[in-house]
Structures are given as C-alpha cells and as structure tokens.
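Since the structure comes first, as structure tokens, the remarks are kept for the end.
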Amino acid sequence: MSTEPKCPFHHTAGSGTSNKDWWPNQINLNILHRHSSLSDPMDKDFNYAEAFKQLDLAAVKRDLHALMTTSQDWWPADFGHYGGLFIRMAWHSAGTYRIADGRGGAGGGQQRFAPLNSWPDNANLDKARRLLWPIKQKYGRNISWADLLILTGNVALESMGFKTFGYAGGRPDTWEPDDVYWGSEKIWLELSGGPNSRYSGNRELENPLAAVQMGLIYVNPEGPDGNPDPVAAARDIRETFARMAMNDEETVALIAGGHTFGKTHGAGPASSVGPEPEAAALEQQGLGWQSTFGTGKGKDAITSGLEVTWTSTPTKWSNDFFKHLFSYEWELTKSPAGAHQWVAKDAEAVIPDAFDPSKKHRPTMLTTDLALRFDPEYEKISRRFYEHPDQFADAFARAWFKLTHRDMGPRSRYLGPDVPAEELLWQDPVPAVDHPLIDEADIAALKAKVLASGLSVSQLVSTAWASASTFRGSDKRGGANGARIRLAPQKDWEVNRPAELAAVLETLEGVRKAFNDAQTGGKRVSLADLIVLAGAAGVEQAAKNAGVAVTVPFAPGRTDASQEQTDVHAMAVLEPVADGFRNYLKRKFKTPAEALLVDKAQLLTLTAPEMTVLVGGMRVLGTNVGDPKHGVFTERPGTLTNDFFVNLLDMRTEWKPASADNDVFEGRDRATGELKWTGTRVDLVFGSHSQLRALAEVYGSADAQQKFVHDFVAAWNKVMNLDRFDLV
C-alpha cells in the first residue's frame, strides 16, 4: 500500500468534469455575464474616458518614439527599429474584427488574453507587449492597453516617415477573455479538408468567421492551405478582407502599406520553437515560443517560418513594395524553415540584412503579396498606386485608420487631440443636435398624441424595438439614434414587416410634423426620439392595462440621419437573421434558435435576467414576427402581465413537438387534450433550461407582477439607450 501523501487540494474549484463536458449541446449563458464588475479591478467610480482626457498624449508619443530605436538585448530590434514589430502588433490587435457580428477588434485589448495571445499568427507579439510595459506602467490607468497597442502602431508609422490619418483613444480595457466563436477546429492551422473545417462546398467560408484557418488573423501567407498560388490566394484575400469591412482598394493599400516596413522571421525549423504563452512553463512568466535555434532571437528568430523583407527601406515609408512587385519576375523558393515564398529572378542584392550591415539580399515576397499583381482587379489598383504614390499614401492612411477604429462605434466615443475632423461614412454619422430639446411637458403631450393616433401597443413597441435592437455591443454599431429604420436597407428588412412599418412611421411622422410646426422657439422632436418615446408610451399603457402605474425613462437628444449618411452595404450586416425577442428566424439554421437568442442578447449586452424578462414581456405585448400566436401565452395580449411565465410553468399543460424538426411545439391540457398554446424553441427553453427556468420561476410567482413590470421597464430602457454614449 502506497504511503505517498495525498494532495489535500486535488478537488479545487473549477477542476473536474464540467457541465459542458457532460452536456456539450447545452446553451451557454456564461457569455451574458462576461466583463462584469467582479472581474474588473478598477474602482467603481473609475471613468476611463475622463482618465484618458488627463493623459499627456504628446508625452506618451515621445516615449514611444524613443522606444522604437532603443533595441533590447533580450529581443533585439530588426534593422535597429521596432516599427515593423509594433505595426504587426497593432494590426493583429485590430485585425480580428469581423463585420458579420462585430466581434473581435482592438477594443478591450483582447490580444493580452487567450486564445489570441497564443494564436500562431500572433507569435512573438508577447515580446512586443513586454517592450511596451515600461510605458504602460508609467502612465498607468490613464491609457488602456487597448488604446496603447493602437497608438504604438500609429507612432511606429510616424517614426518611419509616414503621415497617419489620425488617432482616437477611448477603448477601455477588459479583464478577461471574450467568449467568441473562432471556429470548430481542434488543431491550430488545420487545413480546409479537416474534420471540423470552416469551409464547405466551393470553398465557402462559414459565417461569421473571416480568417481562413484557426489561429490566423487573415489569410495563409503561403497561399490557400499552403498552396503557393497567387491567384487562388487572391480569392481568399478578397473574401477575408471583405468580411473585415475592407474593399479591394483598402485591401491593396493595407497589404502593401504594412509590408513596406519590417520583415518576417523564419531562420530555422518550427521544431525549434517551444509552446505558446498559455502552454509555456510558469517561469517563462507569460512569454511563449521560446526557441532553441541559435540564440533564439535577432538573426535566429522564428515567427511565421517565412523569411521575407519586402523593401530596401524597411524602416522608412517608400513606394518600394510596388516597385519590386512590378520590376521583377518571381520564382518560387523556400525559407530556411521550409515555407513557400518567392524571390526575384536575376535581381541584385538590394535588401539590407536586419542585423549585419555588410550583408544584402535579393528582394523576396509572399504568395499573398504576388496576388496583388496577378489578380486582375488588384493589379489595376496596385499599378495605380505604383504610378501615383500620393494616392497610395492617402489610401493606406485612411485604411489604417479604419482598420484600427472600425470597432469603436460612433465618433462621439473618440477621444484625444489627434481625432481627425473629417466625418467618414463607415462611422455611421448622425447630425449634431442643433435645436432646443423637448421638455417633460412636451414628452407627456407627445405620448398622449401617440396613444390617440390609432396605433396599437404592439405597433408602438415593435417599432421602437426594431429601431433600437440593431445595436451591437461588439462594435457599437446600430441603435435608435439616426432613425435609420426609415431608410434603406432597414425599412425593407423582412423582420421589420415593411408594409406595416411604413404605415406606423407615416403616422408617427404626422405626429412629429404637427408638433414641430406648432413650435415658435425652434424646439423640435426628431423621428428617432419620437420612435423611442412612442415605444415608452406603449409600454406604459400596457403596464397600466395590467394595473401597474409606471413611467418609462426617456432622454431626448437623438437626431435623424439621412440616406446619404448611411452606407447601405455596411448597414446590411446589421439585419437580424434571428431575433428571439420577436420569435423570428429568417431561415433554418444549424445552430438552435435558443442559442441564437442568447447570442442576440449578448450583442445587446443583456444579462440572463434581462433577456428573460424582455422575452416574457415582448410575447404578451404581441411583437412576434411571423406566426402571431407562438409563445403568446396570455388571454390578454397588449397587457404587460407575467402570463408568459405563469402559463409556461403550468404543470397542467403537456408539451409535444408539432413539427418534424422540433422547432414548433403544442401545449395541450393534460386532462382533456385540448390545445392551449403553441410555442417555439425560444419559448420553451425558459421552462427547459435549468438556469432559465429558475429565472422564469421568479417572474411566474404569484407576487411577481410588480417586479416583472419594473424589471421589464429597466431592461427595455437599457436597450433603447444602448447607443446613447452621450448619456454615459
């Protein structure tokens, strides 16, 4: 018998087999409770925007300029300048952004956390962040990691002679990883033919993904699945960059501009490289990819496995990238690490060595670089940029600014003296308020007019929800401000029931015009404000019908955007393909409807209780799109009761599938078999899922009516104001 002592802490909290291991298909409510105050070390009254305003940004930039050329022995700078490394760091911080759901991007400084800190494509960026630590330490809470990573990329460009378009701070840090779907693969860089491939059919990339392989930011620089075919690579580039909100011109500018600087690293075999940061030994203190090849750094560094320097001036802005791209013919070769790359035929050695000034190399390129020459559309743009360097510089400056600010939302969130004055269409601009706002007396009068207009509670609530619920907490886009629900493309979305929406908006516009025409002091109400106010009036009336007097908070200040201020193509990605709050599915998806509800709730920054109370309220207010009966578990539609929960939890009702795919269910009286209700997966999950049932029981209790109404109003008000950054 063994006498070895047993560890008394073998069963520590969080260890062992998890619920997810036992029931992998169970919906994940944890995504609704990320980034709470429980994980935030800052004081409760800490306001990052105010802290950033106290920052001496010029001093930070001076320190960053000095850092660029202060090479450290533990990680030496290529060519004596860290610019290329820091550009890559900033690019990869922002480059995870994808337009399909707005997730990823530079906001929050997620590059510090798993899995991003350990993606193969982010190899050795841990060193870049450690180089920055003395500056972050010096300025502390006045600049977030999220802002510092992007600022450093900007300063890197400026220190090498490039004039940037501008810079905005305003990205508060997060303190734990986002819960983002990055793909189903279980192996880093798994090829497209793998068992969990993100591709189907004719290389159709799964939504909402944008990168071509697990662990890459964009595309495989060697070509699709490592196949060195520049034309095939162009297809991947175009698809991936489009999914990251970039058109062809922006794509060419970004690739060529970024590859004007620095180099890649592939001095030796990948077998010499140790584990990534999350798998590295404790004593490495969060650093990964420790290499045993030579010195493991400097001339011996291994990152991507590619060994390419694009220009003869890797620490200075130039047009060399295009000069080399078009001046040479290219032959396929391999890096010292064995990766596919290209070298200029019959070329002189004009490229400096990163560490030995006596050495020169022939120009080299990546497969994805050559795509800019051999794809017909990219070639036209590349040649124009080659012939017109000023156009190239302007395009790169604008594309870099877009890349690094795309997930920040409206300009009202931009902070600092370097914010550019120019308003850009992709920022979803709205006009500034240029008139007196309505007061409490006006608000009461407008509510009365709306309620007397003939519009139903359902119409008022549905329209306000449709307007506000486009908001995405991921990239801060959408929301009620701008009243874009009256513009293309939103006015034509199926989920908004265009014909009924047009009639509602026409009525509300009549109320708005009558009010504005009656004013003598310039006071006006915008349609954006009136839509939200009308929704508040509907909720108050529905609560009154239930015997509960309540006032829905309302803060005027929204304005109406024009069609010219609206990028129809960019706005189209906000169209809901699923909105469980309205019991809407555009089509059948592999992902269950209840999981899509949770995903929508997470984009709306809702907690599980807020999601629960909103669904229960929306059902009894009759806001369904499609079948008006599913989930409307009440005999009093239009009345804000807790009937949804009471009737869902009633054990006298037996539920059975009513469709072959188990998407619709019938609830029948257990004793008589009489049909009482019909519901969807979204409805029934509140009785099936143990956590959601616990919440439903709170609102389904006999003493819950008052609490239900007040909680609904609070959650409703939150959604209506998600885009009101001016109120924060």
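The backbone N, Cα and C atoms fix where each Cβ goes, glycine too.
Record features (Swiss-Prot):
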SITE      Arg88  site 'Transition state stabilizer'
ACT_SITE  His92  active site, proton acceptor
BINDING   His259  heme b binding site
If you tally other C-beta atoms within 10 angstroms for each of the recorded positions His92, His259, the top scorer is His259
Would you mind reading off the Cα separation of Arg88 (site 'Transition state stabilizer') from His259 (heme b binding site), to the nearest angstrom?
10
Is it possible to get the count of other C-beta atoms within 10 angstroms of the C-beta of Arg88 (site 'Transition state stabilizer')?
24
How long is the line from the C-alpha of the residue listed as 'heme b binding site' to the C-alpha of His92 (active site, proton acceptor), rounded to the nearest angstrom?
14
